[in-house]
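Per Swiss-Prot, the features are:
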DOMAIN    24-277  domain 'Protein kinase'
BINDING   Ile30, Gly31, His32, Gly33, Ser34, Phe35, Gly36, Ala37, Val38, Lys53  ATP binding site
ACT_SITE  Asp147  active site, proton acceptor
REGION    316-362  region 'Disordered'
MOD_RES   Ser324  phosphoserine
MOD_RES   Ser331  phosphoserine
MOD_RES   Ser343  phosphoserine
MOD_RES   Ser346  phosphoserine
MOD_RES   Ser349  phosphoserine
COMPBIAS  352-362  compositional bias 'Low complexity'
MOD_RES   Thr357  phosphothreonine
MOD_RES   Ser359  phosphoserine
COMPBIAS  405-416  compositional bias 'Basic and acidic residues'
REGION    405-425  region 'Disordered'
MOD_RES   Ser442  phosphoserine
REGION    565-596  region 'Disordered'
MOD_RES   Lys830  N6-acetyllysine
Amino acid sequence: MRKGVLKDPEIADLFYKDDPEELFIGLHEIGHGSFGAVYFATNAHTNEVVAIKKMSYSGKQTHEKWQDILKEVKFLRQLKHPNTIEYKGCYLKEHTAWLVMEYCLGSASDLLEVHKKPLQEVEIAAITHGALHGLAYLHSHALIHRDIKAGNILLTEPGQVKLADFGSASVASPANSFVGTPYWMAPEVILAMDEGQYDGKVDVWSLGITCIELAERKPALFNMNAMSALYHIAQNDSPTLQSNEWTDSFRRFVDYCLQKIPQERPTSAELLRHDFVRRDRPLRVLIDLIQRTKDAVRELDNLQYRKMKKILFQETRNGPLNESQEDEEDSEHGTSLNREMDSLGSNHSIPSMSVSTGSQSSSVNSMQEVMDESSSELVMMHDDESTINSSSSVVHKKDHVFIRDEAGHGDPRPEPRPTQSVQSQALHYRNRERFATIKSASLVTRQIHEHEQENELREQMSGYKRMRRQHQKQLIALENKLKAEMDEHRLKLQKEVETHANNSSIELEKLAKKQVAIIEKEAKVAAADEKKFQQQILAQQKKDLTTFLESQKKQYKICKEKIKEEMNEDHSTPKKEKQERISKHKENLQHTQAEEEAHLLTQQRLYYDKNCRFFKRKIMIKRHEVEQQNIREELNKKRTQKEMEHAMLIRHDESTRELEYRQLHTLQKLRMDLIRLQHQTELENQLEYNKRRERELHRKHVMELRQQPKNLKAMEMQIKKQFQDTCKVQTKQYKALKNHQLEVTPKNEHKTILKTLKDEQTRKLAILAEQYEQSINEMMASQALRLDEAQEAECQALRLQLQQEMELLNAYQSKIKMQTEAQHERELQKLEQRVSLRRAHLEQKIEEELAALQKERSERIKNLLERQEREIETFDMESLRMGFGNLVTLDFPKEDYR
């Protein structure tokens, strides 16, 4: 999506559709920062006074600027608390976002700038208490401000404390971004990219530094270069209050906030219970402070206005001021100007990459006018005011007037007319009288000048922050890539495991079906064999029975013939008796044969039943053998599959281990490369800073050398004047002495006396001339030596300071490198432990599964054998009941009936 083209409905809902240039009127610049400017304005529909923060999202880093705007708007929309700035809406106009908020008088840093002295402890407690309520609200919703400082703590007319500037805020806690203003940054924020995450306690640290700022007018380490301050904060002890005038309660509060270890640092909710903020204080302490500040600002602005008015009057009457008039004017107002301009204030800090509404913004209301409307020049200015576009502000810089477009798009245009410059300055101070504020006009102008002059330093810090965030994005991108690679790897392994499990299941199903088919086939074969066996026995028995019957018939005939022969030989027995005996014998023989036949049939039936029973037992035993073979085959198959699965899992573990080590090496290599790049950038920035400081000092010394002839000329003129005064005195003394000598000496000696006096005067003048020349030479030599010594001392001091800062940077980088190496060692050890533990778990799992498989094998075989044994035992018991005895020792006849 092209920035500013609101195609996404969710993003479009963040912005109002009205034209802000028509909706808001009377724009007046009241603050300036890296993002642009903050304006006082009035809602044309409701007459409500608001503050407007204009943020351009064109030019360099367009996408980043647009994302910052979206983040800040989303953040502000969800805030509903008395101690956070009230959000009024956001509008878009020509690649500029107009962020509209409630109007406040100014910031806590403005109080320091106006009064030029620290706040009272009771005032610091009141401001801190209000800020803590706002922080506790943010932290309770897992939000982090990340840029707490006096410039971002605003005050309203009724004395309400408001947290502002959420351009650096985080909607996630914990966070891990390098953002904020250097001097107020917590150590864990500075080390965020290197060591991990942080939470809302970073705001507690910043609040502690803010307390030092309010108590000492500057945050800790403010005399350092901003980059050096970062290195100092990251590795040195926490700062403390320097003066002994503060109470122990305040000192403990600051020390409590500035605990180096985040886990030992209190939360904002815990700090609300601290004695420092809970103790009694006047209800109007902030209202009175604001009123005193407003009065002081009014006096400063009136002083500036009167100066402009006087210059205007003199210029109108006499033309441009001469040098002496300017000197006189400067001497008249020098004290107030020096008092206004002797401090850079919190604006010396490097603005964060994210935009700020804090020290760069303050609010305005109505105020009394103190202009003298009777003067014709002021009437002229009043008339001219209507011709000045309300969307532009006038900024006086050096010898030109720059017309700055309020939207921040226009380029400065030099106006060569000095009269117009003076009128614009006077008009600027007159317009200031229309609203109440705790920020003086000179402070607003100075912020604009500093913003332009410190662009190089600000760009360096912005570039450093961009680099840190870019490094963090690279690490996150690599971590996500490696995570995706690991997820893909694990998914691949999981699919392979699932495929193996499915294949194993399919193989077992096939084996089960095969075994069922074999059992069914064996059952059919056994049934056929049994039937065949029975038929063979029956056929044989039938054959035996036929043979037996034929044998009986033959035997019957033989016996019959034998009896007949015996009867025929016995002649003594009557024929009838013979017949009876033959019949009886035949009956006995038939009866015997019938019994033998019945016995044979009984024996055949018993033989048939017993052999069929034995055959069934053999079939059952054979079936048992098949079942045993099947279960062994199934269990062997399962064991083979399990061994293949275990080999696959070991291979997976080794491939995962190799991937994990490779990924860790890749991540650590990138981290070390980024740290080397960061350290190289830090070193380059420090060297560039050193060169800039040396150039500035050299430029200053060159200016001093250029200025020295003028100074020497002035001092020479002063000595010359003293010489002239001495000459005049000596001339007067000479005349008085001459007159006296002429009066007291005879006339004839006058010529000699005059000659003597003339020679004496000439001698003394010659001595005086020699003294004059000597004084001039000594003065020039002394001044040259003094300048050389002063410049050499400044050079030595600068070299010492830069050397200390370089040593601080080297120590910081060494510490970061050591911490990173220690972190890498911990990560490697952690990975080794994880890999070792995972391998141990895998081996334990393999052992347990093999043991479970062996146990299953033993139990199933045992259960099968027990079941088969019970089945055989039951069969044998039934055979015994049937009267077959022990079938185990039964032998089949030679004919194999099976």
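Using the three backbone atoms N, Cα and C, a Cβ is placed for every residue, glycine included.
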With DSSP, how much of the region 'Disordered' (565-596) is helix, how much strand and how much coil, in residues?
27 helix, 0 strand, 5 coil
Hey, which bits of the same chain come close to the region 'Disordered' (565-596), Cβ under 8 Å, at least six residues off its ends?
548, 552, 555-556, 559
Cα-Cα, whole number of Å: Lys830 (N6-acetyllysine) versus Gly36 (ATP binding site)?
48
Val38 (ATP binding site) versus Asp147 (active site, proton acceptor) - Cα distance in angstrom:
18
Of all the recorded positions given, His32, Lys830, which has the fewest Cβ neighbours within 10 Å once its own Cβ is left out?
Lys830
Under DSSP, is His32 (ATP binding site) part of a helix or a strand, or is it coil?
strand
Have a look around Ser442 (phosphoserine) and count the other CB atoms within 10 A of its CB, chains all included.
19
Distance [Cα-Cα, Å, rounded] between Ser442 (phosphoserine) and Ile30 (ATP binding site):
11
Kindly state the mean pLDDT of the domain 'Protein kinase' (24-277) in the predicted structure.
89
